[in-house]
Structures are given as C-alpha cells and as structure tokens.
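Participant: According to Swiss-Prot, the topological domain 'Extracellular' annotation covers 1-60, 174-188, 235-238, 296-309, 333-341. Annotation source Swiss-Prot lists compositional bias 'Low complexity' at 15-34, 1102-1127. The S-palmitoyl cysteine annotation in Swiss-Prot covers CYS92, CYS93, CYS95, and the record cites similarity to another entry as its basis. What Swiss-Prot records for 326-329 is motif 'Selectivity for potassium', and it gives similarity to another entry as the kind of evidence. Per Swiss-Prot, the feature domain 'RCK N-terminal 1' maps to 381-523; the stated evidence is sequence analysis. Per Swiss-Prot, region 'Segment S8' is recorded for 587-607. The feature phosphothreonine is assigned by Swiss-Prot to THR679, THR886. Annotation comment: Swiss-Prot describes SER681, SER694, SER698, SER894, SER898, SER1137, SER1140 as phosphoserine. Per Swiss-Prot, compositional bias 'Basic and acidic residues' is recorded for 1136-1152.
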Amino acid sequence: MSSNIHANHLSLDASSSSSSSSSSSSSSSSSSSSVHEPKMDALIIPVTMEVPCDSRGQRMWWAFLASSMVTFFGGLFIILLWRTLKYLWTVCCHCGGKTKEAQKINNGASQADGTLKPVDEKEEVVAAEVGWMTSVKDWAGVMISAQTLTGRVLVVLVFALSIGALVIYFIDSSNPIESCQNFYKDFTLQIDMAFNVFFLLYFGLRFIAANDKLWFWLEVNSVVDFFTVPPVFVSVYLNRSWLGLRFLRALRLIQFSEILQFLNILKTSNSIKLVNLLSIFISTWLTAAGFIHLVENSGDPWENFQNNQALTYWECVYLLMVTMSTVGYGDVYAKTTLGRLFMVFFILGGLAMFASYVPEIIELIGNRKKYGGSYSAVSGRKHIVVCGHITLESVSNFLKDFLHKDRDDVNVEIVFLHNISPNLELEALFKRHFTQVEFYQGSVLNPHDLARVKIESADACLILANKYCADPDAEDASNIMRVISIKNYHPKIRIITQMLQYHNKAHLLNIPSWNWKEGDDAICLAELKLGFIAQSCLAQGLSTMLANLFSMRSFIKIEEDTWQKYYLEGVSNEMYTEYLSSAFVGLSFPTVCELCFVKLKLLMIAIEYKSANRESRILINPGNHLKIQEGTLGFFIASDAKEVKRAFFYCKACHDDITDPKRIKKCGCKRLEDEQPSTLSPKKKQRNGGMRNSPSSSPKLMRHDPLLIPGNDQIDNMDSNVKKYDSTGMFHWCAPKEIEKVILTRSEAAMTVLSGHVVVCIFGDVSSALIGLRNLVMPLRASNFHYHELKHIVFVGSIEYLKREWETLHNFPKVSILPGTPLSRADLRAVNINLCDMCVILSANQNNIDDTSLQDKECILASLNIKSMQFDDSIGVLQANSQGFTPPGMDRSSPDNSPVHGMLRQPSITTGVNIPIITELVNDTNVQFLDQDDDDDPDTELYLTQPFACGTAFAVSVLDSLMSATYFNDNILTLIRTLVTGGATPELEALIAEENALRGGYSTPQTLANRDRCRVAQLALLDGPFADLGDGGCYGDLFCKALKTYNMLCFGIYRLRDAHLSTPSQCTKRYVITNPPYEFELVPTDLIFCLMQFDHNAGQSRASLSHSSHSSQSSSKKSSSVHSIPSTANRQNRPKSRESRDKQKYVQEERL
C-alpha cells in the first residue's frame, strides 16, 4: 500500500490540477512550496494493479460529500414531508370524524349490532399497531438510556469507539487527503468500517427512541454521523479514501463529562464544571484544526486546487492555538481563501472562548482542594480528629495545651477537619507543628470525608464550639449534628464535644450510640463557667485555683520576693492520676494523703473507689473510714507527670528511709513487678474495660452514722416545709413558686436588711440568649450545706429576661429578684451590696457586638460603678440592734474544738473597692480595665493578670484546656464537675432532660446519704485552733493537723497581695497560692482552702464547721440569712422570734 503512494507530503489537490495538462509541460511547476514536488508527468492518485482505481487521477471528493449531503437533506425532507402529510391527515380525519359522528347519531337507532363489529375490529387492529410501535420505542429508549446498566454500557462503548475513530483519523491524516485504498488490505479502513457500522446501528436506536424526529435530525451528534458514516461506505464502493470531514468525531469529546458522571467518577460540581470546560475547549480546538487541515491541503475549488500547501494535522493544531491566543507568530498561516475566511470567524469565537474558558479552567485547577487526600495512619501511633470551630485562636489554644511539655506521653497525631481552607496564619501554625498536626478540608457531615480522616481507627473525635457566636443554641445544634453524623458512621468512636448551653446537653442523650460510660463527654461551658463562679461565692479565689489546676502551665521562676513569685509557683501545678502502690493497701485515706504530702511531695485529693459489684466512683477526701484497695487510682496535684510516678513506685521496704523524693524510683522488688496495675497506663482509664466512674462523690459503703438513720431526732427535727431535697438528694428543693412572689420592689428590698447574701447583677433583655442561671444556683443549693447555711441569692436585672430563666429556678429556696439595672446605685444600695458575701456580674448580651473590645462594656462599667461607691458604717448599726448577724462559727456557744472558733466579726465596708466581686469577661484582653491600680500589660495572658490571680475576674476561655485534659483522662472532667456543680450526675441530667426542672423527693436513707460528701471551705488563721500556726508556722504542719484532727484536706492559700511586705499595707486584695510546699511560711491573715467533711450536727445549731466566703479584706464569715431577725441561743426558737416582728417585715421575709 505504501509503495503505491508516490509522496506522503505531496499535496494531492495541486498535483491533480497539474495532471490535466500535457505530460510534456514538465517545466511548469505547482504553486506548492514543497521541496518534494513531483514532476508533472507523475500520477497523483496512486495506482496498483490490484485496486481498480481511476488511473486518470480524477478527483472524487464530491462523491463523498454528496453522500453526506443527500443523507442529511434527504432525511430532513422525508421528515418534513411526513409531518406535512400527518398534519393534513389529521385535519381531514378530524372533519370526517365529525360527519361520521353526526351520521352515527342520526342512524344509530336503525343500525343493527352486527354492522358495528367491523369498526370495532379495525379499532383493535390500530390499537395493536400503536402498542407495538410504543413497545419498540420504549425498548430503544431503554437501550440508549444511562439509567440502566445496558444503556450505560452502550453509551460508554459509543464514546470509546468515537475516540477510536478519531485516533484512526489522526493516523490517516499523515496520508494525502484523497487516495486509492484496498478495503481488503487496509487494516485501518476495516476497523473504521466496523466502528461506523456500530454508529449506524446506534443512530437507528436513537432515531427510534426520539420523540421529536426533526430536532433529533438537527442534533450535533446526528450531524457528526451524517458527515462521517456515509463516506466510509462510499470509500468501500469506490476503493478510494477521502479524509474529508472525519475530524467532526472530535465533537464527541463534549460528552466526556457525561460519561464520567455515568461511571460515578465525577461527583463534585467543580470537577464536573472543569471537565466540561476542558472537553468543550479541546473538541472545538481539534475540530477547527481538522477543517484547516482539509482546506489548506486541498486548496480552493475555484482556484482549481492549485493554491494548496502541505500542512500536517498537528501543525494545524498549533496554528489554531496561536490564533486563539492572539499571538500569531507567522511561521504557519493559512494560504487558501477558505482557510483565511474560516480564520476570520474563528478568531472572533476562538478568542472569546480562549479568554473566558482558559482563566476559568486555571481557576478551577488552582482552587482544587489543597488539603484533599486521605490520612495515612502511622503504625504504633494513635490519632485524633478535631473538628467544629477551627480558627487560629481555637487551634492555637488547643495545641498549646494538648502538646504541652509537661505531658510526657503525647504520642498522638492531631488531624483537623474543616470545610474551609485555613488562612495564612493558621496554615503557618500547622506548618510549625507539621510533625504532629495535619489538616484536611472537608466536613464531618460527609461520610466520604470521615473515611478520608480514618475516623473508624481514630482514638477520639474532639468537637470545638464557637464560644463567641451570636446564637448559642444554633452553635450547639451544629455540634449535635456533627455528633450524630460521626456516631452514625462509627458508633464506637469516642467523642468529646463542647456545648454552650446546659439545656442542649439533653439532646445528646437522644443519640442511641452516645454512652458516657464508654468515654463520650460533653463539656458544657455555661455549666462549668457558672459553676466556677458559684464556688467563688463560697470561697473567693477558688475559680482561679481550679482553672489553673486543669490547665497546663509552664513554671516561670521569679527571683524577687513578690506576690507573682508565689502565685506562679502554684500555677505550675496540674491535676494528674496515677495508680497507688501496693504499699498503701489497707491504710486509711488521710494516712495515705499525709504520707504522700510529707514524703512524696504529692497532694492527693481523691481516689477512684470500686465497690463490691465493681462499680467505680470518684471519692473526694472520703475520710478515715475508707481503706485503700489494691490498684486504686489516685488524683494528685503536682507540677508534672513524672512526680506523680512516685506514688506508683513507692515501696516501704526500699524507700522508707529516703528523704529526697526525687530518689523514689522503680525498685527491684518482685512485689512491684507482679503488680497488676503496672500493666495499665495511668492515662488509660476505664475505657480499657469496666465501668466508667460516676460523678457522684458519695461512696456506696457510707459510714454508719446514726444521724443518717430514719426516725432519728435529726429527721424528726427537720421542718418538712423547708428542709426538702430533690429526688436525688443532691440539692435543696422547694415547691415551685410564682415569680411574682419573689419580686422585691426597691423600697421592700431596702426595708429588708440583707447580709451575707449573694448579689447577681445580670445584663440581659427579652431577646438575649439564655445563659442558664440554674447552673449558678445549683452549687449554692447543694445538699451538703444545711438550710441555715444557704446564702440568699438576689438577682438584679431585667424582669423580662429573668422571667425566661425562672422556669429553671422556681424550685430553689432563698431566691429573690429586684427588677432594675446593675448600673443603678439605688438598686445596688437597696440590696445592701456592701454587706454581701459576693457580687457576681454576668451579661447575656456579650456576643451581639462586632467589636470584641466592647463585648464586656456592661460588665466593666458595673464593676467600676460598684468599686466607686461609698457606704456608711452599716456593720456597727446592725451589731448594735441585732445579734442575728453573728456569722456561723463566731457564736460563743460554738464548741471549743471548732476550727473557726473565736473569729472576729466582719469589719465595716465603707468603700466599694472592698466589696468582693467576680466579673465574667468574654474578651480576655478586657481584664486590663477592671483594676485601675494594676500594671498588667494588654498583651499579658489572662492567668498572669492581677484580677484573675485575685479571683475577681473569670473568662470562659480558660475552659478550653478541659478538652485536652478530658481526652488524656476523662476522670478529670468528672472530678471538676463534682467539685463545681455541687453534685450533678448523669442521672440528674437525664431527669432534667425529661422535665426541665428538679423533682422533689422524700428524705429517705438513700437520699440523705448523698448529703454526706465533702465541700470546699475557707478557713482563717487569725483565731481558732489553727491560730498558733498562723504566725510564722509551716503550711505542712497545718496540713497534717487539719487532716488528723478534722479530716480536712488543705490544698491552697488565699493571701493578701502585700503580705510579703515588711511595712503594713492598706491593700485588701488577695491572690491564690496552689499547693504550697511543706515548709511554706504562714501569716495570720491567710485564708486556707480546704475540703471539709459534712457536719451532721450543724443542722441543730448555728455553731458549725461551715464554709465561708470572705471579702477581699475579710478574715471572718458572714451569716447567709436576713439579719434583721433577732436570734436566741437556740436555733429552734427562730420561728417564734419572727412572729414578734412587725407585719410588714414578716411579709417581706416570707417573700425571701
């Protein structure tokens, strides 16, 4: 075949034109510039003896083109003719039908039944024919439809064969435009013939299935078939090949996107759009190049095909690209008139397409997810998935705590999943931690993205919340949906999620696979934030101490003898867990606690106790009745995890005579090697098997105190109308009250002398988001306080807002409301803010302002307003007229062994600076505005500022550390919640989820037993049994004495800020010192944080070992009752004394 072709690069069109002249005209040359131009006596059409081809070189391109044109226009004519005849037939039948119908109506009565049968038979035949045609049409539609497997296979096959036909065209484009070919010997022609037979059959199916034949005939795919299929059959008939319009097969590339969608390869809108643009651009490019290749190699017909030029197909592709891009180098250009005319129009359309399509294609390619792909798990290394609110602030805070150097076992890779790509700052943060952090773009609501991050093999999934969002309920709903999606994909995954609102935690209980016993946790920021603030009402500064305990802080050493030195030494302490050595088995908790503190330099505050049925409970300072079991888990306060190992390695035989705790390391005793707990990591808790700890702090084996037995005098003396508890026995409870009964007017509040109470100043209106005041009230109404020890709570704020909160507060006793504003000094004076134990400033309008620096403006203004107020000497007036103000423990009838015996009365407060205040802040940097006399830099971290160190400011951001702490040890969260919520349990949460309110219960032995749990207290050293240690004594001696004598566990000091100065100072501010060392020197003005046991005898006498919440200048306690009531030596005479009061005060007292 190749031998019959005279020259591969010769232009056939120019040569055929030359062959019509005489053979002797060899001197005349073609207009072609080809250097391989043949002599004019050569035959242009290759001739072989086997193929009957026209030896005269006659061109037959018109035959190929005519076959296509006849097919197209002939079919178009038939379709139009059919439609015309059908229309005329329909019109005629319509008119004839009316005539026949009229005749049928007129002659219907005279016609016999038999005359109608031929008509019925004809209608049945027509119906049968219509049914057959419809069936064939439906069958053809199914065959070409991509909705069935057969249709999809057929569609894909047609596309693949079209690409194959295009490839054959590329191969044949290197041959002359028209040449003689033997069908039986040309392999490419045979393949092309087979392809086109298949295309013809597929065309028939499409034609049958088409509803509108005319539009089908004019479709792009149909036009492609018209100009590519008939010429192949003409080639076989004429033994001649014409390259012609076969380049139109490139238009099939437009369907490439549809084919990929049929194969389920393209799923996203961006990928579909990208493939669409690319396929349209490439198909147009290749088709136009094919046309230029045809006309340039053929020449113009009116020029007798003499102005042709030899261009390969790929040179034409190059020409079209430089033309579309408007570059036009000029090395290749069109010479024929047809080619130039085509280029004129193509430049207009091609330039528009190039200018619009190419930038969009580049943008789609450039915007492809940089953080796509999938996570590849590393053998021997766990990974966690972090999702939710992913920002620079939230991620940096999380990583700073999670990857803290004090954690010695962080072999965990952190995988962040978020649907928005990180900004440059966040991307830089990820790069700085690239060895332990990876980021993937996606959504946890998409199962495909969950599979990408290997959620099924993840150790846990942590969901962060946006604490500063405008709609907390919507944010909680988003996180709940994330939990549902993750649990639906993998029910066994452990999830730790942040929640903003307490009432939204109930929705998590509706998720079937949510199981807190298996490690699932919901960290409710509102619950913990208000719980911390409530504990500061009982012991000022406690919120700061607890916040520092579960936050990882590095030790900052200060040489100067300043208050920051002692504060930062305590800040470096954190909460850890470790299994106790078998050397402690059988010893009581106080004995082990003293041994750990004195010898191991560790402070143990709680243990995990397993009852006979293997149920685990966390017991905080359980007392001397409980003995340590084998494999007991202890909760320690220490500076790092390595120190806590001493409790596990301690051996009495090997370490009894060691004085340096750093030398206590693992010894070679066989007893330690065989110890079962040694196989457990201190960070792996009950998730390795067994039941997770219940947050209850009361053990099942309760001490058998006769005061807890029903029928005892204690129960008989209980006033059933006052001393009631909820159904769990964890909180004081009363019958629901209408809000009108607890509302005080300003005059009523002023006439009712309040003292030792808690004033809650709240900013909120009818449209503000609820902050959940129940979480503030519940710790103040814990049942481990006796009723007379409960501090009265007075809310000052908008009545519209408080009405929305009242449904959750109406079951708590001693709650009053003063409608007004915390910025009104008259309202503040009416509630005797100078006599309160604590003033709490909250805001429900924090997140509705775009400027973060203005989010706390109301709280800051209220705080400064109170501090600038001046008061008279109200204390002296009260003491002169009423003995009822005597605080608990100050009564001279108190037993001599009371640790608070002989304390001084509260000094008079004449300035608002001395009022104990705790202010909630949203923006940490706003803490600089609370104290005007401090020197805090605006860039100083919150925990280093004076207001936070003094316990007068609290921000929700400090709770971010709980995510990391809970992951490494979920018992830490249980311990924190037990301390700050007053005893909230999952059972209580389930009950609140059902009724949204506490349910009253009878005082049964089981519920009364729940009262026997320790509580946080604050003791003064100025007087009492510890007074001898207050002046220069050691903290370690105080620790041991309190533990042995009263089972009280000391864990910190609340010291005056200027106590270290040699000269007296008028400053009344105090700061927190956490877990001071044994030899730490005490001063008389110190207040000691301690965990105090429940006093069963305090309910019958005002003299009790009770807590106190001191003001910044106070070293004594206040009563938490209405102090206009005269008291007697016996508490039981109080109702009688009330009857002797005037009627107005009695009514006001009943309202309270």
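Placement of Cβ uses the backbone N, Cα and C atoms for every residue, glycine included.
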Participant: Please list, for the domain 'RCK N-terminal 1' (381-523), how many residues fall into helix, strand and coil according to DSSP.
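Facilitator: Here the numbers are 57 helix, 32 strand, 54 coil.
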Participant: Including all protein chains shown, what's the count of other C-beta atoms within 10 A of the C-beta of CYS93 (S-palmitoyl cysteine)?
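Facilitator: Taking all protein chains shown, CYS93 (S-palmitoyl cysteine) has 11 Cβ neighbours within 10 Å.
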Participant: In the same chain, which residue numbers or ranges, 6 or more beyond the ends of the motif 'Selectivity for potassium' (326-329), come under 8 angstroms Cβ to Cβ?
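Facilitator: Here the qualifying positions are 347, 351.
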Participant: Taking only the residues in the topological domain 'Extracellular' (296-309), give me the average pLDDT of this model.
Facilitator: 83
Participant: For CYS92 (S-palmitoyl cysteine), list the number of other Cβ atoms lying within 10 Å of its Cβ atom.
Facilitator: 10
Participant: Helix, strand, coil: count each for the residues of the topological domain 'Extracellular' (174-188), based on DSSP.
Facilitator: 2 helix, 3 strand, 10 coil
Participant: DSSP says what for the topological domain 'Extracellular' (296-309): how many helix, strand, coil residues?
Facilitator: 6 helix, 0 strand, 8 coil
Participant: Could you break down the residues of the motif 'Selectivity for potassium' (326-329) into DSSP helix, strand and coil, giving a count for each?
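Facilitator: Going through the motif 'Selectivity for potassium' (326-329) residue by residue, I get 0 helix, 0 strand, 4 coil.
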Participant: How many of the residues that make up the region 'Segment S8' (587-607) does DSSP mark as helix, as strand and as coil?
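Facilitator: When I sort the residues of the region 'Segment S8' (587-607) into the three classes, I find 10 helix, 6 strand, 5 coil.
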Participant: Sort out the residues at least 6 away from either end of the topological domain 'Extracellular' (235-238), same chain, that have Cβ-Cβ distances under 8 Å to it, and list them.
Facilitator: 60, 63-64, 181, 183, 189, 193
Participant: Given a Cβ distance threshold of under 8 angstroms, which distant residues of the chain, six or more beyond its ends, lie next to the topological domain 'Extracellular' (333-341)?
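Facilitator: Sequence-remote neighbours of the topological domain 'Extracellular' (333-341) are 292, 295-296, 298-300, 302-303, 307-309, 319.
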Participant: Please work out the helix, strand and coil residue numbers for the topological domain 'Extracellular' (333-341) from the DSSP assignment.
Facilitator: 5 helix, 0 strand, 4 coil
Participant: Tally of helix, strand and coil residues over the topological domain 'Extracellular' (235-238) according to DSSP?
Facilitator: 4 helix, 0 strand, 0 coil
